[in-house]
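Listed in TrEMBL for this protein:
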type	residues	note
ACT_SITE	Cys2	active site, for GATase activity
BINDING	Asp100	L-glutamine binding site
BINDING	Val295, Ser366, Gly367	ATP binding site
DOMAIN	2-214	domain 'Glutamine amidotransferase type-2'
Amino acid sequence: MCGISGIIHFGRIHDAPERIRSSINHISHRGPDGTGFWHNQDVSFGFTRLSIVDLEHGTQPMSNEDGQVMVVFNGEIYNHRELRRELEKKGHFFKTDHSDTEVIVHGYEEWGDELPSKLNGMFAFAVWDNHRKRVFLARDRYGIKPLYITEIQKNTWIFSSEVRGIFGSNLVEKEATSDGVLEYFSLQNFWDGRTPFKGIRLFQPASYEIITATSVTQKTYWDYNFSRKSTLTIEESSQRHLEILSQAIHRQSDTDVLLSSYLSGGIDSTAITAIAKNIKNFQRSYSCIFNLNEVGDDIIVDEREYSRTAAEHFNIERIEHELPQDVLINSLDKTINALEYPRMGMAYVNYLISERVAQDNKVVLSGMGGDELHGGYLGRYQVIRQLLLNNNISFIDKIFKRKKRQMHEALVPYYNMLNFPIPEKEYPLAFTPEFLRSTNSFSANQVITDKIMTAPYEDTWDILMYVDAKTYMHGLLVLEDKLSMIHSLETRVPLLDNELVDFVSELPWNHLCDGKTGKIVFRESVKSIVPPSIYNKPKMGFGPPDASWYRGTLKEWISTELSKERIAKRGIFRPEYVLRKLEEHYTGQYNHVALIWSFLSFESWCRVQNVFGGDLSKPII
């Protein structure tokens with residue numbers, strides 16, 4: 001795990017080496033164990049290292065024997081040992097003991113553009129091919145490892161693991177976009193590689209690009225394939241699932257350092273911990289809990305007893321990290337700084353638990369990805385909000401007039417899944433006319449329409465799962481990378497191991513859910529290794545009691561952060577809209593926790609990134 005940056009200039013930037021050093025300095029938190037640089041007349045590569053595999057010999061940039069192939073790589077290749085053996089049989093000579101980076105070097109020599117499809121792992125890498133005078137960039141299947149890129153001038157590019165690496169080069173001027181604001185408040189996410197910064201895009205998952213002095217070629221090398229062709233019984237599927245899951249966790253626990261796991265008390269993290277605890281370099285588990293003495297009458301999800309039960313059942317050490325109600329006040333700006341731009345969910349929790357784990361470890365196993373592909377969002381797909389149905393009839397008809405009628409029922413649960421903070425129909429109520437005139441008519445409805453219409457499936461549930469994986473899950477993965485790597489902590493997600501995803505994608509829907517229960521095969525596969533209380537409990541989710549906290553001692557702070565004067569000075573939202581939403585939440589009339597989080601995150605982002613007026617909490621002198 002590390003951070004990478006590169007400038008592809010083909011002689012157009014004379015001071016590229018200095019620029020790339022500055023870029024790497026801005027992402028040094030991703031790799032405090034060392035840096036490396038390589039330059040020629042066409043490209044400049046930089047690297048900052050977090051040593052996890054082959055501690056002595058895994059330095060980068062790394063080349064082949066004659067220096068004609070040069071690689072910078074961020075991530076982990078979990079099948080690197082098998083690929084190394086295959087490449088050695090083909091005559092390739094390795095100079096390192098077991099560096100996965102060198103597998104990319106020789107793998108590119110052997111397979112060229114086909115290399116990414118052979119890799120089981122999380123990765124973003126760049127290859128300079130001196131023979132062909134081109135750069136080959138690739139990102140992993142699911143988008144676990146981020147890679148940002150922008151064109152500085154015609155056929156001149158800079159890429160980096162983080163946006164700050166691009167701005168840190170001083171080759172690109174920071175400019176936030178109005179459309180980015182609309183997208184965030186519409187979707188709480190950014191789809192299809194868009195970011196709220198002008199000209200900067202997030203490299204698409206499962207894709208590669210080839211950049212030469214005169215051209216750019218983009219290609220998708222993989223996509224989800226929900227074939228549902230398996231003929232196994234549920235019992236057979238469950239048995240096979242456990243075998244593949246165990247193999248995935250062992251693969252992803254292959255490190256030269258100690259590792260730990262998150263243990264929330266849910267079935268995903270509990271199953272991972274149940275298997276990982278028997279691996280020699282496993283150390284302990286970590287749980288994040290909340291001070292429930294400060295919670296009001298709201299229904300609170302609290303799984304601390306389940307995580308304690310699991311730790312006792314497994315006889316492992318477990319560290320409990322408790323967050324007080326006022327923790328958001330001091331952590332919001334730090335969280336948004338780590339994220340670089342606002343994203344979904346109460347991300348400060350991820351930031352703080354990662355910070356705690358990083359005090360002891362470089363690697364942690366996470367249960368992320370378990371719901372998205374195992375049928376864990378059954379409830380979100382089934383619950384139909386009548387209000388959304390009534391308000392979006394024309395939009396629904398527009399989308400589904402070219403699809404089977406059964407898909408008509410799929411859109412509203414999908415809206416419910418996203419839980420839009422500000423629906424498109426409320427734009428004129430929420431945003432000032434001046435701000436809306438500055439946008440390019442971004443339409444969340446059209447974005448969703450396009451995504452659903454291009455889903456390569458006819459079955460309603462497959463369409464929802466596909467869109468979910470391409471948008472919601474991808475957003476969570478980017479969020480998790482940013483919030484862990486800001487603390488020099490690598491998060492691994494064994495439930496997104498390639499072999500496991502391929503297996504689950506073949507299971508018929510009645511192996512995933514039956515209308516009442518989700519994740520059937522997953523649950524049955526781990527029944528024998530998790531405590532009965534965790535196997536039997538309903539899905540609860542995980543999150544802080546923000547709804548109550550916002551009505552409690554955080555109320556005064558929120559009212560200051562989102563004061564009428566500050567909102568008016570910012571000039572983006574109508575003050576009366578924001579204040580009305582706050583009052584509706586304070587009085588308990590509605591639960592606007594997602595919207596309030598979005599307002600707070602946006603205000604913090606403006607302050608941290610100095611966009612849209614910057615820090616308005618300070619007097620202007």
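Glycine is no exception: its Cβ is also placed from the backbone N, Cα and C atoms.
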Using DSSP, would you call Cys2 (active site, for GATase activity) helix, strand or coil?
strand
Under DSSP, is Asp100 (L-glutamine binding site) part of a helix or a strand, or is it coil?
helix
Which residues, sitting 6 or more apart from Cys2 (active site, for GATase activity) on the same chain, put a CB under 8 Å from its CB?
Arg30, Gly31, Phe47, Thr48, Arg49, Leu50, Gln60, Phe73, Asn74, Ser161
How big is the Cα-to-Cα gap, in Å, between Gly367 (ATP binding site) and the residue listed as 'L-glutamine binding site'?
24
Write down the Cα-Cα distance for Ser366 (ATP binding site) and Asp100 (L-glutamine binding site), rounded and given in Å.
21
Segment confidence, the domain 'Glutamine amidotransferase type-2' (2-214), expressed as mean pLDDT:
96
If you count other Cβ atoms within 10 Å of each one's Cβ, which of the binding-site residues Asp100, Ser366, Gly367 has the most?
Asp100
